[in-house]
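*Asks:* Straight from Swiss-Prot, here's the annotation block:
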- Cys87: active site, nucleophile (ACT_SITE)
- His204: active site (ACT_SITE)
- Glu206: active site (ACT_SITE)
- 3-233: domain 'Glutamine amidotransferase type-1' (DOMAIN)
Amino acid sequence: MKSAILVFPGINRERDMARALQLASGSEPAMVWHADTELPKGTDLVVVPGGFSYGDYLRCGAIAARAPVMDAVRKFASDGGLVLGVCNGFQILCESGLLPGVLMRNARLKFICHDVHLRVERSDTPFTRGYNAGQVIRVPVAHGEGNYEADEETLQRLEGDGRVLYRYCSASGEVGEAHNINGAAASIAGIVSERGNVLGMMPHPENHVEAIMGCTDGRGLFAGLVEHLAKAA
């Protein structure tokens, strides 16, 4: 798997993501600077990592979405390439038009930084094939603006098309207000594009891939991507 990680000023999770991808694929990802206008030839996966691109000025992800490299990412996605955006990366994908909706301030207006439980809603996508449908996984979050919102028509379309891949839940998989950490509509933690090739999620699976981290539940996402791309080759 040949992956490329975008790097913007203020991003701080690119090395964590590189470690997770390297462990899963055995290949070192390429780092792509925000001012570049092309992706490396043969790229299979583009990752937009977490952090605080451009200091979160204007809106989270708003400036990064207009960086030169994003034109290449939009073209890559329109051609069917796989794109993963995590935390600030999710915000950037929404701001760039690759995903619908917006990430708002957390409902309690506080920065959240701890492990959460997610329910995997389906297992037949490149981003979830490493899990079972209904499986509960534990991954960290670290955000102040992770409250996913969209208009009612968009939310109905996301639900009807099965495009919600991850939801906040309890340790036993129960979804509800008590387990919705940031107030996100329908407890949404991660969604995919219409074609299913672009995923945005607020939690950080890359931070739970080694036993020394206390949990390895994030491995499934990366292992599934490697398996999908190997079969598609």
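Cβ coordinates come from backbone N, Cα and C, glycine included.
On this model, are these features tucked inside or out on the surface, and what's nearby?
*Replies:* The Cβ of Cys87 (active site, nucleophile) lies under 8 Å from the Cβ of Arg13, Pro49, Gly50, Gly51, Val141, Ala142, His143, Gly146, Met201, Met202, Pro203, His204, each of which sits 6+ residues away along the same chain. In the three-state DSSP scheme, Cys87 (active site, nucleophile) is classed as coil.
Note on His204 (active site): other Cβ atoms within 10 Å of its Cβ, all shown chains, come to 22.
Under a cutoff of 8 A between CB atoms, and with a sequence separation of 6+ in the same chain, the neighbours of Glu206 (active site) are Arg13, Asp16, Met17, Arg19, Ala20, Leu21, Pro49, Val86, Gly218, Phe222.
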